[in-house]
Amino acid sequence: MIVIPRYSLIKEKASERLPELLENLNLKKPLVITGKNTKKYSKGFEFIYYDEIDIYNEEGFQKIGKEYDSIIGIGGGKPIDIGKIISNKSKKPFVSVPTTASNDGIASPIVSLTQPSYLAESPIAIVADIDIIRESPKKLLSAGMGDIVSNITAVLDWELGKIEMNEKYSDSSGIFSKTIAIELIDYVLNYDLKEYPKKLVKSLIGSGISIAIAHSSRPASGSEHLFSHALDNLKNKYELNINSLHGEQCGLGTIIISQMYYEEGRIDFKTVEKVKNSLKAVNAPVTGKKLGFDEDLLIEALSSAHKVRKRHTILRNGLSKEKAREILEKSEII
């Protein structure tokens, strides 16, 4: 069964309507999961800080399930991800209240806090207060663009999986996901960015819904995400103090992978340029140096990305370090 949000409030002062929304859903005793910087949006509700929760405490989840009738995640990626985990374990509906828009986790059923990520349930409702989101750090909002443009290469990888591996593919989910990315790219390239936060949130919610339709992360996560996870692995391996965000890394990965698809003749060069220019338009990094990684790390990440998880992509069985360098140079990442 496909579960997608029943309600989406995406407007200025939307958070003020949260009590009304809960009443409409007949939810009387929610538990809020939030952070210390976002607890101010939890007034009137019982709350727990996300970093005080043991996500492996099954007994605790059962207790929450008995005491509360719903879970609300208020904040960025971690409170919302942990809210999904608790919702999934306690069998209670989840309401997503993002305070920024850096990735499509605000609406998707994917829990990415743990690796490998896994499918839980989509939020029953999303309350996105544009006044709050507009005031969030610009770095987070530009990262959101990176997560959206990645739908372009993710869908190409999914189509490749269908062609080369006879993988199950959903036309509706694939088209929906790709269209969301194309529309946001066209917006940031052709209009002023006054409405960018609202457009971005709508796109991220749509991307999350495409995942729910497919019951897979395939429409929004391909080789560009493998590259991002490979960068994360290297940050851990070498204990690097690089403050790069998931969406920023995925945006850079999308530039790289779109170059590879251009060279295979599956997209035109105009698409590659649009991806890069849309990221530039929102001040997202488009080179490894701006992201904080040197050439050797980028080459190691790209040549090892195919090992991150078992998923057929244009990386296939992997790139040599020589080929990785060539692609990085052609895409002007290094």
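Counting begins at 1 with the first residue displayed.
Each Cβ is built from the backbone N, Cα and C atoms, and glycine gets one as well.
Per Swiss-Prot, the features are:
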BINDING   G77, K78, P79, I80, D81, T99, T100, A101, S102, S108  NAD(+) binding site
BINDING   D104, D147, H229  substrate binding site
BINDING   D147, H225, H246  Zn(2+) binding site
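Distribution of Swiss-Prot features across the structure.
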| residue | record | DSSP class |
| --- | --- | --- |
| G77 | NAD(+) binding site | helix |
| T100 | NAD(+) binding site | coil |
| D147 | substrate binding site | helix |
| H225 | Zn(2+) binding site | helix |
| H246 | Zn(2+) binding site | helix |
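Here NAD(+) is bound by G77, K78, P79, I80, D81, T99, T100, A101, S102, S108 per the record. The longest Cα to Cα distance in that group is 16 Å. Within 10 Å of the C-beta of D104 (substrate binding site) we count 29 further C-beta atoms, all protein chains included. Considering other CB atoms within 10 Å as the measure, the emptiest surroundings among the binding-site residues G77, P79 are those of G77. In sequence order, Q115, A305, V308, R309 constitute the residues six or more apart from H229 (substrate binding site) in its chain with CB-CB distances below 8 Å. Inclusion criterion for the binding-site residues G77, P79, T100, S102, D104, D147: a C-alpha placed within 10 angstroms of the C-alpha of H225 (Zn(2+) binding site); this criterion is met by D147.
Comparing S102 (NAD(+) binding site) with D147 (substrate binding site), their Cα atoms are 7 Å apart once rounded. For the pair H246 (Zn(2+) binding site) and D147 (substrate binding site), the Cα-Cα distance reads 8 Å. Take the mean position of the Cβ atoms of D147, H225, H246, the recorded Zn(2+) site; other residues of that chain with a Cβ within 8 Å of it are N103, G146, S150, S221, E224, S228, G247, Q249, C250. Cα of D147 (substrate binding site) to Cα of D81 (NAD(+) binding site): a distance of 16 Å. In the structure shown, across all protein chains, H225 is the one of the binding-site residues H225, H246 with the greatest number of other Cβ atoms within 10 Å.
Highest Cβ count within 10 Å among the binding-site residues D81, D147: D147. Surrounding the centroid of the Cβ atoms of D104, D147, H229, where the record places substrate, the chain contributes additional residues within 8 Å, namely N103, G105, S112, S150, A220, S221, H225, S228, H246, G247, C250.
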